Amino acid sequence: MAVGEYKPGLEGVPATQSNISYVDGLTGLLEYRGIRIEDLCKYSSFLETSYLLVFGELPKALQLKEFEHEVVHRRRIKYRIRDMIKCFPDNAHPMDALQTCVSALGMFYPLEDLHDAEYIYQAAIRLLAKVPTMVAAFHMMRQGNDPVMPKDGLGYAANFLYMLNEKVPDPLAAHVFDVCLTLHAEHTVNASTFSALVTASTLTDPYTVLSSAIGTLAGPLHGGANEEVMKMLEEIGSIENVKPFLERKIERKEKIMGFGHRVYKVKDPRAPILQDLAHKLFDQFGHDRYYDIALELEKQATEKLSSKGIYPNVDFYSGLVYKKLGIPLDLFTPIFAIARVPGWLAHWKEQLADNRLFRPTQVYTGLHDITYTPIEAREPS
Ligand SMILES: CC(=O)SCCNC(=O)CCNC(=O)[C@H](O)C(C)(C)COP(=O)(O)OP(=O)(O)OC[C@H]1O[C@@H](n2cnc3c(N)ncnc32)[C@H](O)[C@@H]1OP(=O)(O)O
Ligand SMILES: O=C([O-])CC(=O)C(=O)O
C-alpha cells in the first residue's frame, strides 16, 4: 500500500466526515449544526444546545422539557462512586478524578447494543447528568465535606454552582455559567474529540470513549490551557510586568498560554463572548485587576505574534469568568470537560453510524536486520 505524506500533528488531514460543527479559521466563524455560536449563546441554553448537538436538530418544546426532566432526574451518583471518590488523594487533580469516575461509571452500565437508539439516548442522558455531580462531589470530598446533593429545582448550570458550596447562585452567575458551557460544547475534530473518535471506532462503550477524551482534554496544549492562563496572569501580577514577561517568553521561545490555535488564524470567536460575560459579572460583582493584565497582554502579544496568525483562543478569557464566579482554579478544565460532553457524545454517535476502525500508518525511521546481542556481550553502561 502506498504511504501518504507524513503531516506532523495531522495538520490539514481530514480524519472524518461530520455535520456537527463548522469552523472557518480565517474569518473566525463557529457554527453548531449550522447555527452561529453567537446566536446559540444569546438565545439557547446549554441543555437545548446539547440536544441540538447530540440529536441533530433543535428540540420541540415538549422534547426539550422531557430531555431536561430526564437529566435532572439522573443527576445523583451511586454511593459506591461516592465511596470511591472518598479514597482519591485530596491533592489529586480533579481532571484525573473525573476521568477515573467516568471510567468507573461504565462498570455499572455494561455495554449493550451500540445500534440501539435507546441505549445511546440513555447513555447520553446519564453522562450529561452525572459528570457535573462527580466533579462537584470530588471538590467537596477533598475538603473533608459530604457531597452536596443535586437540587431538583435548579437548572443545569445553577445546580453545578450550587453543588460546589451548597449556596443557590445569583441568577446572573447561573446564566453566565450556562453560556460558558454552551460556548465550549463542541469544536470539530479537536484533540480530545479525535481521541473520542479513535476510541469509539473500536466499538467500546461510551464511558471509555469519554474517559479517553477527558484524559486528552487535560493537557496544557488543549483544555488544560485555561488553568495555565490564570497561573500565568497571577505570575505576571501587574500591568508593568507584562512587557518584561512577554519579552522573556519570546526570547526563550516559550508559548504564551491561551494564545494560538491550529485552526483559527484570527481571534477565536469565543473569546469576545467570554469578555462580554466577564464585563457583565464585573458590573454586578466588581472588577478583577487580572482582567486588565490580560487585556494588556493581549495587546502586546498581538503586536508581536499576529504576523504568525497567533491571537487569543477560547482558554484565554474563560478562567477570568470562572474566577469571578468563585470557582477554584483547578476546576477550570473539568468545567471544560462538563461542557464538552455533548460534543463528544455527538461525535461518538456519528462515528457509530458509519464506523471504520481508525488505524493509520507510520513512516518507519528505525533500523532493520539488527543482530540480537546477548546481555553478557553488551557494553557495560
Ligand atoms: C481549547 C484549545 O485547545 S485552544 C488551544 C489551547 N492551548 C494553548 O493555549 C497553548 C498555547 N498554544 C499552543 O501551544 C499552540 O498555539 C497550539 C498547540 C494550540 C496550536 O499550535 P500548532 O498549530 O500546533 O502550532 P505550533 O505549536 O506548531 O506553532 C507554530 C508557530 O507558532 C508559534 N506559537 C504557537 N502558539 C504560540 C503561543 N501560544 N505563543 C507563542 N508562540 C506560539 C510556535 O512557536 C511556532 O513558531 P515557529 O514557527 O516560529 O517555530
Ligand atoms: O479545536 C481545537 O483544536 C481546540 C479547541 O478550540 C476546542 O477544542 O475547543
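In case you wondered, yes, glycine gets a Cβ from its N, Cα and C as well.
The model shown is predicted, which means the values in this text are computed figures rather than measured ones.
Pulled from TrEMBL, these are the features on record:
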ACT_SITE  His261  active site
ACT_SITE  Asp315  active site
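Taking Cβ-Cβ distances under 8 Å and a sequence separation of 6 or more, the neighbours of His261 (active site) in its chain are Gly25, Asp268, Tyr311, Asn313. For Asp315 (active site), the number of other Cβ atoms no farther than 10 Å from its own Cβ, over all displayed protein chains, is 29.
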